[in-house]
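> Reproduced below are the annotations present in TrEMBL:
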type	residues	note
DOMAIN	B:35-261	domain 'ATP-grasp'
BINDING	B:Lys74, B:Gly81, B:Arg82, B:Gly83, B:Glu141	ATP binding site
BINDING	B:Asn233, B:Asp247	Mg(2+) binding site
BINDING	B:Asn298, B:Gly355, B:Ile356, B:Met357	substrate binding site
Amino acid sequence: MATGQLFSRTTQALFYNYKQLPIQRMLDFDFLCGRETPSVAGIINPGAEGFQKLFFGQEEIAIPVHSTIEAACTAHPTADVFINFASFRSAAASSMAALKQPTIRVVAIIAEGVPMSDTKQLIAYARSNKKVVIGPATVGGIQAGAFKIGDTAGTIDNIVQCKLYRPGSVGFVSKSGGMSNEMYNTIARVTDGIYEGIAIGGDVFPGSTLSDHILRFNNIPQVKMMVVLGELGGRDEYSLVEALKQGKVNKPVVAWVCGTCARLFKSEVQFGHAGAKSGGEMESAQGKNQALRDAGAIVPTSYEAFEAMIKETFDKLVEQGKITPLKEVMPPQIPEDLNSAIKSGKVRAPTHIISTISDDRGEEPCYAGVPMSSIVERGYGVGDVISLLWFKRSLPRYCTHFIEICIMLCADHGPCVSGAHNTIVTARAGKDLVSSLVSGLLTIGPRFGGAIDDAARYFKDAYDRGLTPYEFVEGMKKKGIRVPGIGHRIKRGDNRDKRVELLQRFARTHFPSVKYMEYAIQVETYTLSKANNLVLNVDGAIGSLFLDLLAGSGMFSKQEIDEIVEIGYLNGLFVLARSIGLIGHTFDQKRLKQPLYRHPWEDVLYTK
Amino acid sequence: MRGLMNKLVSRSLSVAGKWQQQQLRRLNIHEYQGADLMNKYGINVPKGVAVSTIDEVKEAVKSAFPNENELVVKSQILAGGRGLGTFQNGFKGGVHIVKADQVEDIAGKMLGQILVTKQTGPQGKVVGKVYLCEKLSLVNEMYFAITLDRKTAGPLIIACSKGGTSIEDLAEKYPDMIIKVPVDVFKGITDEDAARVVDGLAPKVADRNDSIEQVKKLYKLFCERDCTLLEINPLAETSSNQLVAADAKLNFDDNAAFRQKEIFALRDPSQEDPREVAAAKADLNYIGLDGEIGCMVNGAGLAMATMDIIKFHGGTPANFLDVGGNASEGQVVEAFKILTSDDKVKAILVNIFGGIMKCDVIASGIVNAAKQVALKVPVVVRLEGTNVDQGKRILKESGMTLITAEDLDDAAEKAVKAASK
């Protein structure tokens, strides 16, 4: 056991088992105290390496993460405190490993429920190697203005209120971490505050004892008086009684042992802390209070008189000139976390993303304001979902049905078209689903499947301007633009595309108006007169029919229609539809275990 | 009772002792379970059979004790004072020595009945099993214990050549006969250690080497099963020159439950306080007591201080309840449910110091909990710490009839006053 200071303003710790909040609290405390270096040098997270980003004041710092205790100790030879946040199952093993490191002097064990036989080994090892174990089952400890273990003293507000950002003159030790918070508050009220406070933990056999720390405080010149809060059960307080009797402590000790109520109960009761069990007169709170009083400690008659006793003792020391009142400093303000500041309404921050089509914040996700459950309950189809997410409105059933037909018709067109071919080649190269899918999708463009938007744009423009098919087609020709939506590599005037026929039949039956379609047919009639393969293809059919859908449904303003055509919504239909086929081709190739594709030489013209 | 039993019979194991009160998450095992465990480790114990029906009694007497004239019949409950206890059916005594042909009759009066002893409280405890044991004749009684020692930071074996009375009595009467042998926590027990213990015990008739082996086996059990105390009193010698663990106390380290599954599976919930079982489920640290002021506090230390102050003002706490430093709203609700289900509770005192938790979070937890649980008794709330003003405002604006208190002292005073109305 060390005999004097455990910590200083330059003490650095290694933190075992990454926990963001306690580390951030330690760093915030550092900032509050004006420390130049963060009190956490490194983090040990078994099996992980790298860095953790945390705030040190206003700046972010990267604290190294090591996968083993040995590596961390080698990397940070000056870090001599080991803060162990391991679970009760593994705390003993990791603590022992830390104690065995020559660079580690102090090990604080937070876990509650470490088996006693394991703790015994830790104590025996620490004792014979002059190291200090704080805990198990503790929040840790704090040296005001210098160093803080984990969650000790709670929130920053509490630390500020208890003036723990600068040293006072009182050494405090208790078993309970919760009570330490209460006592830090009390001590700050009636004295110049804490110099150092340690919670030794509630276990039957704590790694270091009340008297260990009192004797240490006695050797620290800045500590002018000590406050001890004990509790019933165990005999720990008697080692303090002995030390007092032997005159080893020459500073005033104000002490109280909690649990005087235990006498009320006939049976033995264990109060939360494993060690807080009444067992005979010696271990009772009354017995210990009396023994401490007899040994010369200042012991009140009840807990509520404790505060007054502390004040009285402190005031006397001031009177005697042993304590000179210190000048108060204002600690810096810890920058508030953005999230909590926004929550409390203190700041506002611009958002970086805006979304109008869906919302996943409530009980269930909504598509354009329609909750998922109604989509299912009302028997909506994919077309309805598309109309909600793409057009932000519920379109009439014939419209959504038309969208579904488009998707069904465009879902695939055999393995030879460029998209499917690319997907097949990629899948056979052993690539994953997404790679195979996108390599197919990437071929979609002006020459493959991407003509719907252009078809719609040009047909609309020509129709709206009242151009005759002749004027339209010849005008395009003059500009050197092929009429999109017209022409097919295989289909002919006497061998129409079945898909086009299906779409047109559906529209004639269900659409209130098919003026754009009629115009497209007139254009086709003209182009067919020029060449037999200049048929209205599926792009042209969908493009023109979509114009009818937008204009005829009465659900869109003219402006909206222009925008839809402008942005290029309609290619989306093809991309979505063809994805179904491309995914199918990927699965097909994988299922067939097809080897890497290699194009045959014979099929290539090698030339200069 | 001890004296009486001493003369009449050799006691066999009484794993249930006075130190075994209902305590939260503290494992108690029945006498027969303790004997069985020691037997597994090769430690000599009196022969016994645990039975739970009359048919089993008949069978056990016939097959296990064919040549015994007399047997000891012992009720199995997790409380001490069984010998002097009374059953709620009027039958007196939880432990009887009877002729073999009366065993069935006596066991029948115990099985399924409620035994009330000075330790069970008036509600008593149900006897699910009786333990039938052979009656031994002892020629010498010694004391043996293994405990964890603070000074040597390891296990300590205590032995005395006299036994049968409490260690405190022995220490007073025969201070020179008590020997203490510390065992190195890293090396374990050596032959020399065991020999020193046996020399301290000074058995009269038992073989020395056999005795050394018994000591080593006891130490093995202590270590392997994470015991915190293993006390054999008396460690006896029988007329057949055998060393026998005639009566034993076994305490286990609750912290080791995770690696002592077999031992902790022996837990008998029929012997536990239902309030504590409910609390354990909600991960609350709860101990039922007999007073009239229900307490809800965060932190074990603060809970103790709170109870002290209640007592100082003339009240009695109805419970110890630590909701922990990071209680969720759900836990607060569960805590309120347990407190309000207790008819003895006349007032509830909530004492929270928001160190790690924030008072406003706690306050809204209390308000929401109170909405879910019908509050029939006055509630006194004392909040201190982080965001205390927001917390107080939430309580005020909730419209609940809460009595707020300025400090701990004020709170206790108000709670005591409210409870006495």
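Each Cβ is built from the backbone N, Cα and C atoms, and glycine gets one as well.
TrEMBL entries are annotated by machine, without manual review.
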> Binding-site residues B:Lys74, B:Gly81, B:Glu141, B:Gly355: which sit with Cβ under 8 Å of a chain A Cβ?
B:Gly355
> Any idea of the Cα spread of the ATP site, B:Lys74, B:Gly81, B:Arg82, B:Gly83, B:Glu141, as a max distance in Å?
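Greatest Cα separation within the listed binding residues comes to 22 Å.
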> Whose Cβ, among the binding-site residues B:Gly81, B:Gly83, B:Gly355, has more other Cβ atoms within 10 Å than any of the rest?
B:Gly355
> In angstrom units, rounded to an integer, how far apart are the Cα atoms of B:Asp247 (Mg(2+) binding site) and B:Glu141 (ATP binding site)?
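That comes out at 11 Å between the alpha carbons.
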> Of the binding-site residues listed here (B:Gly81, B:Arg82, B:Glu141, B:Asn233), which is spatially closest to B:Gly355 (substrate binding site) when Cα positions are compared?
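With Cα distances computed to B:Gly355 (substrate binding site), the winner among B:Gly81, B:Arg82, B:Glu141, B:Asn233 is B:Gly81.
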> Is any of the binding-site residues B:Asn233, B:Asn298, B:Met357 within 10 Å of B:Glu141 (ATP binding site) (Cα-Cα), and if so, which, in sequence order?
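Cα within 10 Å of B:Glu141 (ATP binding site): B:Asn233.
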> Spatial neighbours of B:Asn233 (Mg(2+) binding site) among the binding-site residues B:Arg82, B:Gly83, B:Asn298, defined as Cα within 10 A: which are they?
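The binding-site residues close to B:Asn233 (Mg(2+) binding site) (Cα within 10 Å) - there are none.
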> I need the least crowded one of these binding-site residues (B:Glu141, B:Asp247), counting other C-beta atoms within 10 angstroms of each C-beta.
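Relative to the other binding-site residues in B:Glu141, B:Asp247, B:Glu141 has the fewest Cβ atoms within 10 Å.
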> Can you tell me how far the Cα of B:Lys74 (ATP binding site) sits from the Cα of B:Asn298 (substrate binding site), in Å?
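The separation of the Cα atoms works out to 42 Å.
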> Can you give me the Cα-Cα distance between B:Gly81 (ATP binding site) and B:Asn298 (substrate binding site) in Å, rounded to a whole number?
35
